[in-house]
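In TrEMBL this protein carries:
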DOMAIN    102-291  domain 'ABC transmembrane type-1'
TRANSMEM  41-63  transmembrane segment
TRANSMEM  104-129  transmembrane segment
TRANSMEM  141-160  transmembrane segment
TRANSMEM  166-184  transmembrane segment
TRANSMEM  219-241  transmembrane segment
TRANSMEM  272-291  transmembrane segment
Amino acid sequence: MEDRAAVADRSTASEADLLRLTTARRGLNQRLISRFLHNRIALVGLFIVTIMVALAAFGPVLAPHPPDQQFGEHRLESPSKDFLLGTDNLGRDMLSRLLHAARLSIGMAALATVVIVAIAISVGSLAGYVGGLVDDLAMRIVDVLLAFPGLILALAIIGILGPSMLNVIISLAISTWASCARLVRGLVLEVRERPFVEAALAIGASGPRIVIRHILPNVISPVIVLVSLEMGTLILAIAGLNFLGLGVQPPTAEWGAMLNQGRPFFQSEPQLMIYPGIMISVTVLGFNLLGDGLRDVFDPRFTT
C-alpha cells in the first residue's frame, strides 16, 4: 500500500509540474510576441517578406501580360505606359515575367526548405533522443555530407540526375539537411535532460509523445530562425543554379534564368539583369533581416 501511495504522489507531482510548465509556456509566448513587435529589424524583414510573398501569390493576377507573350515590334523597348519596365530581347514584358518568376523562385525555395526541415527534425530528434548506435550512424552520415561543399555537392547531384526544377530541389535538400540535422540533434540532447522531460517519463509518457509534445516545442525557436535564414540562402542558390541553366528551361520565367538571358545585353540594356537582380537581393535581404530579428527575439543575448 505504501508503494502505491508513493507512486500516486509522484504521479500527482509530475502532473502538477507539467501544468506549471504549460502555464509558463503561455506566458513566454506572450513575451515573445511583445518582443517581436518591438524589434525593428524583425518588423522590416517581415514587411519585405510579406510583400515578396504577396507578389509571388498574386503576381500572375497582377501581371499585365502573359509572361511568354512576345511583342516582336517592341523588342528591347524602354519603360512605357504599355510596358512599365520595358521588354526583353524577344519583346516580352519584363514586369510580367518578374511577377511570374517570383512565384517560381520563392516557391522552389519554400519547398526545398520544407523538405530540409522535415528531414533535419526527423533525423536530429531521433538521433538526439535515442542516442547510441542510431546517433552514431546518423552523425557519421552527417559528417560525410558536410565534408563536401554544399554547392559543389548540389552541382554533382544535378549532373547525375539531369537539369530540372525537381532535381534542383532534390540536390539542395540533400546538400543542406545535414547541417540542420546536427543543430536539431544538439538542441534535443540539451532539452532531454531537463526536469519536465523526466516528469513526463515518470507519468508513463511514451518516447514519441515526449519528443512531439515536450522536446520539439522547446527546440522550435532556433528552427524557426534557421528556416528564415535558410530561405534566403536557398533563393540565392536556386537563382545561381538556374543562372547556370541547371534548373528551369526556357521560356520559363525565373529570376536566375532571367539574369542569364539578359547577360549578353548587359552593356547596352543593363536593366535586363538589374531588375531580376534587385528582386533576388531584396527577397534575400528580407528573409535575412527576419531571421536576424527572430534570433534577437528568441535569444536576447544577441541583441545589439
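Positions of Cβ are set from backbone N, Cα and C atoms, glycine also.
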With pairs closer than 6 in sequence left out, are the transmembrane segment (272-291) and the transmembrane segment (41-63) joined by 3 or more CB pairs under 8 Å? yes
Report, as numbers and ranges, every residue of the chain located at least six residues beyond the transmembrane segment (166-184) whose Cβ falls under 8 Å of a Cβ in that stretch; write 'none' if there are none. 108, 111-112, 115-117, 119-121, 123-125, 127-128, 138-139, 141-142, 145-146, 148, 150-151, 153-155, 157-158, 219, 222-223, 226, 230, 234, 237-238, 241-242, 246-247
